[in-house]
Amino acid sequence: MAGNASETKPSEDKHPCSSQKYGSVSHETAEGDIPSADAGIKSSKRAYVAVAVLCYVNLLNYMDRYTIAGVLPSIQNYFRITDSTSGLLQTVFICSFMLLAPAFGYLGDRYNRKVIMVAGMIAWIVTTLGSSFITEEYFWVLVLMRALVGTGEASYCTIAPTIIGDLFIGSQRSIMISFFYIFIPVGSGLGYILGSKIASVTGDWHWALRLNPILGVPGLLLLVFLMPNPPRGASEMQGSVCIEHTSYLEDVKYLLRNRSFVWSSLGVTAMAFVTGALAFWTPTFLSRARVKQGIMPPCVKEPCDPSDSLIFGVITVVTGIMGVFVGTAISRKLRDRLPSADPIICAVGMLSSSPCLFLAIVLAGTSIPVTYTFIGIGEVLLSLNWAIIADILLYVVIPTRRATAEALQIMVCHLLGDAGSPYLLGIVSTHRCRPKNEATEITVNPGTQVHANHGASMSLTDLRRREQVTGHLS
């Protein structure tokens, strides 16, 4: 039943499978999962608790990811670095995150996912806390620590959505996925807000980096004591799980033949290229726009004025919540009547957001309020995508290959997307002979056209794969 995490006896006739077992054995629950059908209510409650834990950790991950952006002017003054060097902080994080995602995807499809997430969470806490003690002579150590932070996040982000996919099905899974992904914009916004505010109150940007690992300790304990390790595909097969003996190469070939997966991944990649640069540079860009208009003086001593980080953070939180809920609601309403509703919603959202972001950048030098208005509209349209794209992956890829699919999608979207865009934007801003805010504008404007590529990719997503996955599980 949709949304029910309870398990029943496997039926060998209905679900024939290989005897090969990986990590969490195929016909047994793991880590204390509720094994019987008569415990359905209790099991369902535990599934909701598990989603709440995953949402909390996802919130912390994205808070940490954009705390650096919230205090970037202070970091630049402290280390006396240029825009191109500053962009390297985000690029090395994304690169390590991207390169290790396939490895964790491979492990996540074969071994105990709870153990992998706990290990990654420990690594994330240690490296994030360590990066908050770097002194001004050791900027390269901060870069190295940001790369190690990406290692911890890769273990979590590739696996968490697949666990939700194994706890719920149908419309309930769509709702749970939307709750999980709503913490991307919420966490990002809080990263800007709390990071800049803590740096302003303490007078030291280092303290902004210490909040997330402190909050991460209870998150780690919640993972250890409250997180189940459900059998792969448990929700689709009512607890009976079939894990076929396939190699990693076979998994990759399967995914490359899956047109829905390929086109949706290309769409995510185009989105990541633009949003990665915008998310990292927007507060700094808007601060420079204020300086250009004479609204405030340049920042020459930390802590820098946090106003734009705070405002942009609030906008990101509010518009993110609105966009995810609206996108999910439209998807649920149209999905039964229009099988291709999900990619159409994503395409329309991205195509519509492109001119809004373009106008926001162009008008920043003349009107800050108008700029924020267009940023807000663009982010609402952009946020329509988060939960829907994740849901597409879950229903077009079979359960035993979902972690690999998540990992490959992460690798591609970061490799060709936001791994390089913040750094490239910083290079152009540093080396052009124009004022920095104008150089940033010139760089980002062509980037908004990538949104159109995202819309085209999503419109080509073929959802006939959904029926094939259903047939595989029946």
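A Cβ is built for glycine as well, from the same backbone N, Cα and C atoms used for every other residue.
For 1-25, the entry in TrEMBL reads region 'Disordered'.
Taken from TrEMBL, the feature transmembrane segment applies to 47-68 (among others).
The domain 'Major facilitator superfamily (MFS) profile' annotation in TrEMBL covers 50-474.
Annotated transmembrane segment per TrEMBL: 88-108 (among others), in sequence order.
Residues 57, 61, 64, 104, 107-108, 141-142, 145-146, 148-149, 151-156, 159-160, 206-207, 209-210, 212-213, 216-217, 219-220, 223-224, 227, 229 of the same chain lie 6+ residues outside the transmembrane segment (115-134) yet bring a C-beta within less than 8 angstroms of a C-beta in it. Among the features that TrEMBL reports, transmembrane segment is placed at 115-134 (among others).
The transmembrane segment annotation in TrEMBL covers 140-163 (among others). Here the transmembrane segment (140-163) has Cβ contacts under 8 Å with residues 50, 54, 57-58, 61, 64-65, 68, 79, 88-90, 92-98, 100-101, 103-105, 108, 113, 116-117, 119-125, 127-128, 130-131, 134, 177, 180, 227, 229-230, 232, 390, 393-394, 399, 402-403, 406-407, 410 of the same chain, all six or more residues outside its ends.
Among residues of the same chain six or more beyond the transmembrane segment (175-195), those with a C-beta under 8 A of the stretch's C-beta atoms are 3, 51, 54-55, 58-71, 160-161, 164-165, 167-168, 205, 208-209, 211, 279, 283, 309-310, 312-321, 323-325, 327-328, 379, 383, 386-387, 390-391, 394. Residues or ranges marked as transmembrane segment by TrEMBL: 175-195 (among others).
If you look up TrEMBL, you'll see 207-227 (among others) marked as transmembrane segment.
What TrEMBL records for 261-281 (among others) is transmembrane segment.
Per TrEMBL, transmembrane segment is recorded for 310-331 (among others). Long-range contacts of the transmembrane segment (310-331) within its own chain (CB-CB distance under 8 A, at least 6 residues past either end) are made by residues 70, 174-175, 178, 181-182, 184-186, 188-194, 196-197, 282-283, 286, 341-342, 345, 349, 372, 375-376, 379-388, 391.
The transmembrane segment annotation in TrEMBL covers 343-368 (among others).
The transmembrane segment feature in TrEMBL is assigned to 374-398 (among others). The list of residues near the transmembrane segment (374-398) in space but at least 6 beyond its ends in sequence, with Cβ under 8 angstroms from a Cβ of it, reads 161-162, 165, 173-174, 177-178, 180-182, 184-185, 233, 255, 258, 260-261, 264, 267-268, 271, 275, 282, 312, 315-316, 318-320, 322-324, 326-328, 330-331, 342-343, 345-346, 348-350, 352-353, 356-357, 359-360, 363, 405-406, 409, 461, 463, 465-466, 469, 472-473.
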Same-chain residue ranges lying at least 6 outside the transmembrane segment (207-227) that approach it to Cβ under 8 Å: 31, 46, 49-50, 53-54, 56-57, 60, 63-64, 67-68, 70-71, 114, 117-118, 121-122, 124-126, 128-129, 131-132, 163, 194-196, 198-199
Integer average pLDDT (0 to 100) for the domain 'Major facilitator superfamily (MFS) profile' (50-474): 83
